[in-house]
Amino acid sequence: MIQCAQACLYLSVLVAFAACNAPPVPLDDIFIEKTFVPEECVRAVKVGDYVRYHYIGMFPDGKKFDSSYDRGNTYNVFVGKKQLIEGMDKALVGMCVNERRLVKIPPQLAYGKQGYGDIIPADSILHFDVLLLDVWNPEDGVQIKTYHTPATCPRKVEVSDFVRYHYNGTLLDGTLFDSSHTRMRTYDTYVGIGWLIAGMDQGLLGMCVGERRIITMPPSLGYGENGDGSDIPGQASLVFDVVLLDFHNPRDRITVTNQKVPEPCTRKAVAGDFVRYHYNGSLLDGTFFDSSYSRNRTYDTYVGQGYVIAGMDEGLIGVCVGERRTITIPPHLGYGEEGTGTKIPGSAVLVFDVHIIDFHNPSDNTEVTVTYKPEGCDKQTKKGDFIKYHYNASLMDGTSIDSTTDIQHFIVPGMEDGLMDMCVGEKRHLVIPPHLGYGERGVTGEVPGSAVLVFDVELVDMEEGLPEGYMFIWNDEVSPDLFAEMDKDNDEQVEPSEFTDYIIRQVNEGKGRLAPGFDPYRIIDNMFSNQDRDGDGKITVAEFKLKADEAAAHDEL
């Protein structure tokens, strides 16, 4: 198959032959002029090799008598087995692929006195312009040249593995016939079970991910005598420049490596737990496809219940808070043959570098650990008590949230649970699941959604609370003249100021007690409103009642 540039070059050669070869000079042996020698000669023709070459045959006066270019096919033949005229058999020995020679052959090493029909007269000197394109030997096998080896190779390709690789396919003279790169997708196939040409089946075995190698094969291990019918001629050696990107075996399960487990690890994740973790996701060749860090938030999910790909569901079981691990997932436990379209190719092995931030179970309660308990702990907190405590609050990974030296109210339900039955001076370590903390939403800018909270608390003071449903109680017996004592001006009605002054006086004298931790005046206003049945801003004798006299339970006297 002659190219335009080659044709022009060959015409120039014919002119040169005509100018330099008249009259013909008698030859005793062949004469070889090397008109082009490639920089690298990996292999030279030897007797017994099979060659493919193009040629132009001429007489000394430049007249062409034959050309493989005109037929559109190379001349294919064994060398040194008398399948050629003797002079050509000798002239091809030692040639390199892409080498070009001008060969002069005397009659005694060509067609001699008989000539060749009407084409070549008797006693003709023949000139051949020869370009060698291919050479191989029937004894050849696959030749492998590795030119890049990755730093680590934990596993090599074996028979029945499924591989993903890129390649450039050329003939031995460098002519490109195919490339996965131009299609912008890898070639994906099983190895060693006959899905590939035999030479490629052999050439891929033993490769590491990231390895690059040149695989050269004779036609017997490629496309044989007939080629592929289009780009690959018959009897052609093939050269594949291959880079292996990925491989796995259908029997593979996930693998967990690079584990960094914190000490202590008091609890490990089980199916049904809700896990918050960071990750970097890449393909087996290191190509990055996703990261929770880039979104600046953890990935939060239940494990063991099908909320994530099967390999990750399995890989997160048994983790500890703070643990780091690499989870390698074969495609049948990842995104399968289809992949995700743009970022994850079909049949791709996935590698996740995971850092566990926290996890909990929906059935969890507040976990209480007493770190210090004073002697003589007689009085303990109960529901409704007013307390003061110090605390340091953090997430499970140690990230500080808040701290205080004086707080006078409960924060979250889990904290309330953790402060029950506590003595003044006692210290506790509380672990609070999110459903008893700040829930799925968290606190913007402070506490992530679904985060487990950690509190280190110290109770510094407590004041006994009131019974449930009361905002004020009497310490002594209630005066039978209570309304009259409030009605200072004896006008048969109690003004708000009279009511407020009276209650404050009872508290100051220790006769009554308001609920601790609240604004006393707001409590008193509420008490007055409850007694002012008609809402006219005054309490009459008819309206005034003690709580014990009320049918319904609500806060009042």
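Including glycine, each Cβ sits where the backbone N, Cα and C put it.
If you look up TrEMBL, you'll see 48-136 (among others) marked as domain 'PPIase FKBP-type'.
Here the domain 'PPIase FKBP-type' (160-248) has, by DSSP, the following mix of helix, strand and coil residues: 16 helix, 35 strand, 38 coil. The domain 'PPIase FKBP-type' annotation in TrEMBL covers 160-248 (among others).
Marked as domain 'PPIase FKBP-type' by TrEMBL: 272-360 (among others). DSSP states for the domain 'PPIase FKBP-type' (272-360), grouped as helix (H, G, I), strand (E, B) and coil, give 13 helix, 35 strand, 41 coil.
Computed over the domain 'PPIase FKBP-type' (384-463), the whole-number mean pLDDT of the model equals 86. TrEMBL lists 384-463 (among others) with the feature domain 'PPIase FKBP-type'.
Note on the domain 'EF-hand' (474-509): residues 520-521, 524-525, 527-528, 531, 537-541, 544, 546, 557 of its chain, located 6 or more positions outside it, place their CB under 8 angstroms from a CB of the stretch. What TrEMBL records for 474-509 (among others) is domain 'EF-hand'.
According to TrEMBL, the domain 'EF-hand' annotation covers 519-554 (among others).
Annotated signal peptide per TrEMBL: 1-22, in sequence order.
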Secondary structure composition of the domain 'EF-hand' (474-509) [DSSP: H/G/I, E/B, coil]: 18 helix, 3 strand, 15 coil
Number of helical, extended and coil residues in the domain 'PPIase FKBP-type' (384-463), per DSSP: 9 helix, 37 strand, 34 coil
